[in-house]
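> One structure coming up, written as structure tokens, with questions to follow.
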Amino acid sequence: MRRPMVAGNWKMHGTRASVAELTQGLGNMLIPEGIEVAVFPPALFINEVIDGLKGKGITVGAQNSAVQPEQGALTGEVAPSQLAEVGCKFVLIGHSERRQVIGESEEVLNRKFAAAQKSGLTPVLCIGETLEEREAGKTLEVVGRQLSSVIDAFGIAAFANAVIAYEPVWAIGTGLTASPQQAQDVHAAIRKQLAAKDAEVAQNVQLLYGGSVKAANAAELFGMPDIDGGLIGGASLNADEFGAICRAAGN
């Protein structure tokens, strides 16, 4: 049975003071039994957050990592092996802001995916379509292509140690949210695509939904059969709101 997961992507938010306050609030949160909770702070604060959440049942991940697994001459980057050494468990790969704003290609994302796994991190592969692509009826084509890029490079077995987050680009930070049924339809298509290669991998992989998830809509989204939790943006910056989302996943 798949374990529900709630992941908080803090993006480029936080000061030392606000991160300390948020970390303390999360540490006081009651985690429902049987769910996995992870947070992804800015790289600058990863050590502080890991220290502050020790023994609290919350794991920590990174928002980005380098294309090579080991440390070396790559200015401005952080190696996944370095992230693993300090205690990170997960790393986001392919978030739409990395794809669109930074311009990361499928080739670069595949290298990051492989480097993360080689270093013992679990990649959270983010996929999703723009509003233009959805309105053109290309949602499943786009999501399928993004998923196939990894499958074609590394085989379906790569998803035995990975998480997939479907984040429609048009719903990230806009207040717009895919309806529970819209999200479920895409998640079901993702699982079907994986099952065509390996039914067991498809059955076991966690599929998260991201895109303006909040306490008010989390329960309905998480009640869908192929939605195993959420990748939360803005709402993860408030410990009370994030806690309510975690409780929704626990139910």
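Cβ atoms here come from the backbone N, Cα and C positions, even for glycine.
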> Need one residue: from Ser149, Ser212, the one Swiss-Prot lists with Asn9, Trp10, Lys11, Gly173, Gly233, Gly234 for substrate.
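Candidate in the recorded substrate site: Ser212.
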> What whole-number Å value do you get for the CA-CA distance of Gly173 (substrate binding site) and Glu167 (active site, proton acceptor)?
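Rounded to a whole number, the Cα-Cα distance is 11 Å.
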> Within 10 Å of the Cβ of Trp10 (substrate binding site), how many other Cβ atoms can be counted across all chains shown?
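21, counting other Cβ atoms within 10 Å of Trp10 (substrate binding site).
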> Return only the integer: C-alpha distance in Å from Gly233 (substrate binding site) to His95 (active site, electrophile).
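Answer for this pair: 11 Å between alpha carbons.
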> Would you pick out, from the binding-site residues Asn9, Ser212, the residue whose Cβ has the largest number of other Cβ atoms within 10 Å?
Asn9
> What's the CA to CA span in angstrom from Lys11 (substrate binding site) over to Glu167 (active site, proton acceptor)?
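Rounded to the nearest whole number, the Cα-Cα distance is 14 Å.
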> Can you check which residue among the recorded positions Lys11, His95 has the largest number of Cβ atoms within 10 Å of its own?
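Sorting the candidates by Cβ neighbours within 10 Å, the top entry is His95.
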